[in-house]
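Notes follow the structure.
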Amino acid sequence: MEGITNHHTPRTVEEVFSDFRGRRAGLIKALTIDMVKFYQTCDPEKENLCLYGLPNETWEVNLPVDEVPPELPEPALGINFARDGMQEKDWVSLVAVHSDSWLLSVAFYFGARFGFGKNERKRLFQMINDLPTIFEVVTGNAKQSKDHSGTNNNNSKSKPSGVDVSKMSSPRPKKEDESEDEEDEGEEEQGAVCGACGDNYGTDEFWICCDACEKWFHGKCVKITPAKAEHIKHYKCPSCTNKRARH
């Protein structure tokens, strides 16, 4: 498992969190924008397979390591066997939950190995907990709680019906006569996270919304620029496009 184990071993809270974020980003890619490739790789006819997230924000499906005990905690074994026996969305959600558990086990393995104290473990968990889980990102339930003022902002953005400049992250100024319903919708949108990388909404970045699943994405994550977006009438994210292609 050259790509899985041969990397810099994190020793500080910041390094462990950076490792966590990299692995998490790779896993989210596997379960969203790389879903077709991931689905095809998890052939039930193959041996027990595991989904690994790597620190460089990539992923791979492979056999478990031969080393006993392994250098790092191992992810769920045999994810490919359940692929054809469940609805696709249920299978992906199950893999996402196990991936979340694996990420935490790896992070706290590093913490235990290098003697993190109570305060270091608490700080690490708080940093991790400020990010939505992979399960939340994959199922579209990744809304940040309102007490996380550091990850949200006070601006809201309207929910456009098509792809236009309003899908950029520029905040929409509120009018005094707007209804309470519009305010509630704005509060929900400000807690949005990218459906590809799982990072929080930011007003200084270009974002685009999928007209099929209504998830929001960084333009850079789905390779859409503001100029390109103006010529798209109805945008579908890679995941929704791939679902339609498979059916």
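Numbers run from 1 along the shown chain.
Cβ atoms here come from the backbone N, Cα and C positions, even for glycine.
According to TrEMBL, the feature region 'Disordered' maps to 142-189. The compositional bias 'Polar residues' annotation in TrEMBL covers 150-159. Residues or ranges marked as compositional bias 'Acidic residues' in TrEMBL: 178-189. Annotated domain 'PHD-type' per TrEMBL: 191-243, in sequence order.
Summarising model confidence by region, the domain 'PHD-type' (191-243) averages a pLDDT of 82.
Across the domain 'PHD-type' (191-243), DSSP classifies residues as 10 helix, 9 strand, 34 coil.
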